[in-house]
Amino acid sequence: MTRPRRDPRAERASIQVAGEARPRFDRTARRTGSGRPRRDPRAERAGQRVAAEARPRYDLSQTVRFDAAVITEAQPKAAAAASPKILVLDDPAFLVAVVPDAPGGRLSSHDRQVLGAARALAGREGGVAILTLGACEGVGPAGADRWLPLDAVEGYDPATQAARVAAALTALAPRHILFPESLDGGDLARRVAVRMGEPLFTNAEVVAANGLVRPAKGRRVEQRIAPGLLSTVAPDAVAEYGGPPREARPLPVEAEAPTQGSKRIVSAARVPADPATVPLALAEFVASAGNGITDLDTFRQVVAALRATPGASRVLCDAGLMPRHTQVGASGTVLAATCYFALGISGAPQHLQGVAGCEHVVAVNTDLHAAMIERAGLAIVQDAQAVMPALLKLLVQEAQGTGDETA
Amino acid sequence: MTIVVLLSAGRHPVSGAPVLPRMEAQAIRIAASLGEAVGLHAGPDAEAVREALGLGLTRIEHIALPEGLDPVPALSARLAALAPDLVLAGRRSQGGAESGVVPYALAEALDLLLIPDVVAVSGGADTLTLDQSLGRGALRRVSVRGPVLATVHPDAAAPHAYAFGKARRGAVELVGAAATGVDVPQAIVEERPYRRRPKLVKGAPTGGSAAERLKAATGEGGSAAKGRLLVEPDPEEAAREILAHLRQIGVLAGPTKSNS
């Protein structure tokens, strides 16, 4: 067997790019007949790149044959994103029960964190069961394998509710039971604990299978204990469940509902917070005036029409134009509001510290380069003195317009 | 109307000195607005709760109890003898385990109605009206009949100022020492100095990079990152944009709702 003799001149002539005055050669073309194929490191590297990520990431486990076309992972990834696979746990070794607050039939972020903690306790072979009072949505994506929907108690009767939950939990016989350490959840946990006669580990800040940790003695010591039956989980301490959605298979309710308790609670009515008098630190929506506001009467009317709590910057409080208890900032009140509406406030660092906890900020200011404009989700570069009457006019118009429709 | 305020021997969270917990001082203020109240304390020493005399109580009953015993049997026996119409307690102790279970255990033992997180109480001997805190300034107004045990929320009115003369005139009485206490069933608890845990960053994606967590922590990843900027709009246009944005967030009711 003889190797064919190479003809370098012919090879060179075959790769010459035609139609150019200067001789140019295309060396990327596959050589036929002789020698090893040429590697292309750039194409190999590009083939290893994980698709659909802004930051370049490379899957080095994927070895690309240099003579084969590179395989891109874009197609299987897109398919996985289209239909997230629901994890099904058929025969859990044990159950971890969660009793969420679920105000208004929706899981709060604290409830989700408790579900994340339960998932950490359940591990790979355990299952998470959620007990809701009344309907609740989105329990599967939050990490629940089983779902026990109990009937809600009508009216305010926490003792009957606790009896119902305790009976259901006794029938379910989980290994651990977790509650959120919130106003309602903490109350329910303690009622269930005394009813079941079990110790309660409150306010756990670390939840893991090898131990729960809580602060005690005024946060001077921390206590660690092996996970017991009943615990409550502190807010913002444990991460939410981040994995694929779970099944949330409904479980049949076996325990009979205890009858309504005694009629010692005559009536219970919810009184919503009055935005005009609620303390600034507790307010949900704060509208605040700064040095760009001179007409404070209109400001007060706008605040009343928006049903917001009035606030002010240090300058106005120092000048005596607004009461001192309305001051927002490092030396005033640090807010926990959902929305902050800043009128004529440029945003001194001390003022922004007071606003740091607010989720949404709306700012009206004449200065395009003010710090508050930069911080705001909706920033309007305009004189607040001109915007306030327009706002008031619009609100009055809306109220009258709907009044005519309903009349 | 008989009112009993449960007092605990608290510890100051910073100095560790004996102090009356603030929520119990607030409970004394609520009780003082309704009538004569008596304090009840079970523990080895009544010195820590003597401060309550200067805050509005005239008399404190002290049940001598060795350290480490469960106070619930002694307290429930004394409460059964007093038969109060209203029992007030703080929602958590301060300086101890801070689990807040004792009022619930007492309510279970005495078959009392328990209303948690109360900020104000009004009414007479027959029917009491309790304002219960729901957080963020919202309340639930509960009317109850018969004896009730209420725990006090920190949002209740601030306690009265301490009065030295009243504190000297008040009396601490030793009532029947409970000899037969029950040991608290102590679970095996390991104690260490407290260590602050890293704060959970809200809005950060799970498994995200450090840069993404930093963005979420500084607010750049939130609403501000995709913020809208309107430069010199017409004031009417600006007002419409503001109202639409506030309604989208959900802090302002819609035009139809606001009128109804």
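Every residue gets a Cβ built from N, Cα and C, even glycine.
Because TrEMBL annotations are produced automatically, they should be read as predictions rather than curated entries.
Listed in TrEMBL:
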COMPBIAS  A:1-12  compositional bias 'Basic and acidic residues'
COMPBIAS  A:37-55  compositional bias 'Basic and acidic residues'
DOMAIN    A:96-269  domain 'Electron transfer flavoprotein alpha/beta-subunit N-terminal'
REGION    A:1-55  region 'Disordered'
**Message:** Return the average pLDDT for the domain 'Electron transfer flavoprotein alpha/beta-subunit N-terminal' (A:96-269) as a whole number.
**Reply:** 89
**Message:** Let's see if you can do this one: DSSP helix, strand and coil counts over the compositional bias 'Basic and acidic residues' (A:37-55), in that order.
**Reply:** 8 helix, 1 strand, 10 coil
**For the compositional bias 'Basic and acidic residues' (A:1-12), residues assigned helix / strand / coil by DSSP** = 5 helix, 0 strand, 7 coil
